[in-house]
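Pulled from TrEMBL, these are the features on record:
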type: BINDING; residues: T12, G13, S14, V15, G42, N44, N127, E129, G208; note: NADPH binding site
type: BINDING; residues: K128, S154, E155, S179, H202, S215, N220, K221, E224; note: 1-deoxy-D-xylulose 5-phosphate binding site
type: BINDING; residues: D153, E155, E224; note: Mn(2+) binding site
Amino acid sequence: MIARRVSVLGSTGSVGSSTLDLMEQAQAAGSAAFEVEALTGGANIARLAEQARRWRPRIAVTADPARLNELRDALAGTGVEAAAGPDAIVEAAVRPADWIMASIVGAAGLRSAWAAAGTGATLALANKESLVCCGPALIERVKRSGGRLIPVDSEHSAIFQVFPAGAPERVSKLVLTASGGPFRTLPRAAMTRITPEQAVAHPNWSMGAKISVDSATMANKGLELIEAAYLFDMPGERVDVVVHPESIIHSLVEYVDGSTLAQMGAPDMRTPIACALSWPDRLAWPAPKLDLAALGRLTFEAPDEDRFPALRLAREALAAGGIAPIVFNAANEVAALAFLDRRLGFLNIAAVVADTLEKATGAGASCGSDDACEAALAVDAQARRIAGDVIASLNIAA
Ligand SMILES: NC(=O)c1ccc[n+]([C@@H]2O[C@H](COP(=O)([O-])OP(=O)(O)OC[C@H]3O[C@@H](n4cnc5c(N)ncnc54)[C@H](OP(=O)(O)O)[C@@H]3O)[C@@H](O)[C@H]2O)c1
């Protein structure tokens with residue numbers, strides 16, 4: 001039986017809700033017992049309160065200080081403490097827990113992931129943006145605290161499961177799979193007309209709006225490429241991307257002897273979350289299973305970096321090092337949100353990232369340093385201002 005005291009940062013989102021659903025199902029199956037220390041959300045007070053009523057954490061926190069009374073009212077009579085604001089989320093992240101899910105979306109998740117990384121708990125990291133921005137410093141912080149970092153992204157979970165721990169010299173290459181998103185076969189000329197509704201309708205995965213747009217532009221695969229390079233200490237040239245529209249093989253590790261190991265599973269985030277929740281054990285729950293005969297065949301193709309330039313930009317940002325990955329992440333986040341707000345065309349998302357990367361200047365966050373998170377956030381703020389100016393200039397020109 002797996003027993004854990006857990007905190008879920010970003011519990012109201014897609015990954016956060018999947019985490020609680022998985023916990024519910026594993027408990028019902030009798031394979032696990034969970035206590036919840038903290039749950040945090042953003043604007044969705046109703047869902048946060050519903051989750052808190054079910055799990056009775058010690059504390060429930062909303063990011064929005066203006067919604068504290070609403071949360072308090074919704075939790076009346078439960079004994080669950082209510083709190084609000086970004087600092088309260090960081091405080092929730094360092095409360096005593098042995099497993100912490102970091103699933104806040106975007107750079108807003110940096111400070112709490114960084115705080116959780118220093119607690120000595122197992123850090124289940126869905127917030128890839130914090131790894132892209134703090135990189136090796138975040139990994140080092142987890143190590144120094146005596147904790148463990150387990151990736152939640154399905155691709156990195158796959159690699160984590162088939163990577164030879166402690167023997168990286170046996171590996172020649174990592175191969176990340178990509179679904180190709182909803183516009184995999186759409187001609188470039190038609191991409192100018194893509195709407196936010198079309199972009200968030202992912203063919204295989206049910207995810208939050210921002211990562212769905214990232215998936216459609218392939219900026220998500222770019223962020224994952226940087227994430228993989230940091231997590232597995234692999235130069236960018238040895239991280240390949242292959243498009244695999246069925247999303248059944250979640251990624252692969254090629255060994256020096258020519259053997260390639262892959263991890264497979266149904267495209268359901270609860271499976272990589274289960275892996276992170278129980279590693280090195282395995283959590284029994286009513287998981288969706290693969291029926292290979294019914295699937296019939298799996299297909300693969302090379303990514304098209306002309307139609308999806310964000311992937312190339314991420315590779316270049318990783319190679320450039322310093323502040324470039326942080327700038328890539330910030331500009332992409334600003335541009336993806338502007339697209340969702342209908343202030344920017346789909347094809348301009350990558351154009352904004354490219355322009356911001358050219359204009360941003362400064363020194364990178366020093367790896368391993370205690371202030372890497374704050375240094376990354378300063379770069380992030382500067383890059384956001386530049387990306388905002390680039391978008392404004394595009395809109396004036398339009
Ligand atoms: N979804 C997936 O399948 C998937 C797979 C792999 C990795 N990831 C990564 O996991 C992370 C979460 O993705 P998601 O799809 O679960 O996103 P999501 O559905 O948009 O959920 C984001 C969570 O963050 C909270 N949040 C938003 N803004 C916040 C802020 N300023 N401060 C504090 N909390 C805030 C949201 O609260 P409210 O909803 O209450 O506003 C929600 O709980 C991302 O980094 C993503 O790249 C996701």
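From the backbone N, Cα and C atoms, a Cβ is placed for every residue, glycine too.
In this structure, none of the binding-site residues from E155, H202, N220, E224 has a C-beta falling under 6 Å of any atom of ligand 1.
Cα of G208 (NADPH binding site) to Cα of K128 (1-deoxy-D-xylulose 5-phosphate binding site): a distance of 14 Å. Each of the binding-site residues T12, S14, N127, N220 was scored by the number of other CB atoms within 10 A of its CB, and the lowest score belongs to S14. In this view, G208 (NADPH binding site) is surrounded by 17 other Cβ atoms within 10 Å of its Cβ, with every protein chain counted. A simple way to gauge crowding: the CB of D153 (Mn(2+) binding site) has 27 other CB atoms within 10 angstroms, across all the protein chains here. Taking the Cα of E155 (1-deoxy-D-xylulose 5-phosphate binding site) as the reference point, the closest of the binding-site residues T12, S14, G42, N127 is N127. D153 (Mn(2+) binding site) sits 8 Å from K128 (1-deoxy-D-xylulose 5-phosphate binding site), taking the Cα positions as reference. Counted over all residue pairs in K128, S154, E155, S179, H202, S215, N220, K221, E224, the record's binders of 1-deoxy-D-xylulose 5-phosphate, the longest Cα to Cα distance measures 19 angstrom. Comparing local CB density within 10 A for the binding-site residues K128, H202, the maximum falls on K128.
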